[in-house]
């Protein structure tokens, strides 16, 4: 659909430009020499290549871009607000135990699928790989409800989501092993061995289906397959390291600028209330500025593929491959290497070099303002494109330097390569640069190298890629500590404890907790239905500690807000004798309940009815006595909804231990006690706030 901005296939409107020309046996078409492809001015029978032709071409290019992006944002805003963005920050939070209801639902899946197609085709500087992870997790969540073992168990469901994330990367990049490594390194919070082989199996199935569907039309699962017949030299590690340093700097600059813009968007009343207008404006500016540069006008995937490719003898008409050559009657007669170079840059390559510099700045600017708008948007492909441009630029310069040194020092083994072989390959530098910038933006390491290997099929160049990625991470961490996904998690205020963060302070739990004097508690035997309903109305806590009384403050258990709210509403609806003054008891001790409420309070008909009343009183079932004695309200026994063994820590427990408990057990709250007495409570948000204060 992205080619719709340029024209349409006259005979087969569903084909893009490349397949349209292939189907017409014009597989060697040039940019303006494919008879089967009809541009929009030609659709209106205007064929003269003058200013009016260019104006019409420009108008339809921007019009189609705005139309597709506008439709995408309208669908998202109307039907599924959660379908916007990448989804990876939220998936990381969900896998850590945070619940975002509806984020992995059916409507999110449908709207994000359609919106992603439209947003990608509009020409916005975004990718589809991050949203593919979100879509895969939506599928995993939806299918988990077909199996109660997984649908009703949040821990089991997270195992499915971890495997789904691996399958999403496998489909997006054609990288099944990289998908497993991505789920392990970046997405999953807890990744046991049993989850690894399940993720491996999901990624395998996704890879097999991808190979069967053959979406790239090349009978290969690698998206940007390269076939370099060369070896890198030891001295090239210096420019590879330079690319890593550049990737770390550019990635940190992008994160800083994008977070600042997203924070402004959140605080701006106009932008927050008008996401459709923002998308339309960003798309119109992006389309208008991209139109005039051939490297920004084409899709990011096509640009990356072109930058990764080597320049063969058949590419001498391309500006990017316009080296000075000795050609007689169209035949190269002075062969220096596989690329038929004589070492100097031609006029076309000088032009392409300047256009690539402008394309790099434009891509950076576009992506800063695009990532975070209310359409499905990923970050992998724009980052790869920026890195590929920077790497290609450096590769051209290194190639020129190599030829110059060969001419100056023809006998040096350091700069001389075998005749007929490539001495320096700009496409290789583009590939390494792409990995470096993506590493600087996301701070991934192992999974990124594996993805790049599977993405290109180039096993020979893993070491240069590893070197660039490590330099990008070192430099990026030194400038801006968090990657783009962690930065957005922090910006949105999600309660996420990063496993990679360290806590060097010697603080104990008693210094971080919220004191029990600041909390709303539940007493075990002295509260009524009305008091509990008021407690739910006046607070927004996720749960409440249950103590024996306010004097001793001995911990009895913990009751979640959801369970308490559900059981009180159910009692009001189904038990007609439950009133506002009905006492509520949180206990599973039958003898204690019978002592507190003797049987004469009930109108006992016979032994069988008395036994039924006692059972209803203790278990909280819907069976209630037929009447009451002297108007005494029917008591409720809610011990069955209480966690009688909640997680507690002593007040002198080191916070480093408490943080490890939250990370490894997925806790949301823990109570602080001393000798069984409640002193306070620590939530995940309390820990995050304290850690941020410690950083500053």
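Quick reminder: no glycine exception, Cβ is built from N, Cα and C everywhere.
Noted in TrEMBL for the protein shown:
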DOMAIN    513-574  domain 'CBS'
DOMAIN    642-696  domain 'CBS'
TRANSMEM  51-73  transmembrane segment
TRANSMEM  107-126  transmembrane segment
TRANSMEM  132-148  transmembrane segment
TRANSMEM  160-184  transmembrane segment
TRANSMEM  234-256  transmembrane segment
TRANSMEM  276-295  transmembrane segment
TRANSMEM  352-373  transmembrane segment
TRANSMEM  379-396  transmembrane segment
TRANSMEM  428-453  transmembrane segment
TRANSMEM  459-476  transmembrane segment
Between the stretches 51-73, 234-256, 428-453, which one has more Cβ pairs under 8 Å with the transmembrane segment (160-184) than any other?
428-453
DSSP-derived helix, strand and coil totals, residue by residue, for the domain 'CBS' (513-574):
27 helix, 18 strand, 17 coil
Can you tell me which of 107-126, 234-256, 276-295, 352-373, 428-453 gets the most C-beta pairs within less than 8 Å of the transmembrane segment (379-396)?
428-453
Sequence-remote contacts (6 or more beyond its ends) of the transmembrane segment (51-73), Cβ cut-off under 8 Å?
1, 4-6, 39-41, 44, 84, 114-116, 118-119, 121-124, 275-276, 279-280, 282-284, 286-288, 291, 297, 373-376
Counting only residues 6+ away from its ends, which parts of the chain sit with a Cβ under 8 Å from the transmembrane segment (276-295)?
5, 58, 61-62, 65-66, 69-70, 72-74, 77, 122-125, 265, 303, 352, 355-356, 358-359, 362, 366, 369-370, 373-375, 389
DSSP residue counts for the domain 'CBS' (642-696), split into helix, strand and coil
23 helix, 18 strand, 14 coil
Give me the stretch from 234-256, 352-373, 428-453 with the greatest number of Cβ pairs under 8 Å to the transmembrane segment (107-126).
352-373
Taking a Cβ cut-off under 8 Å, which residues six or more beyond the ends of the transmembrane segment (428-453) line up next to it in the same chain?
169, 173, 175, 177-178, 181-182, 184-186, 224, 226, 228, 230, 232, 239-240, 243-244, 246-252, 254-255, 304, 307-308, 379-380, 383-392, 394-395, 398, 459, 461-462, 464-466, 468-473, 475-477, 482-486
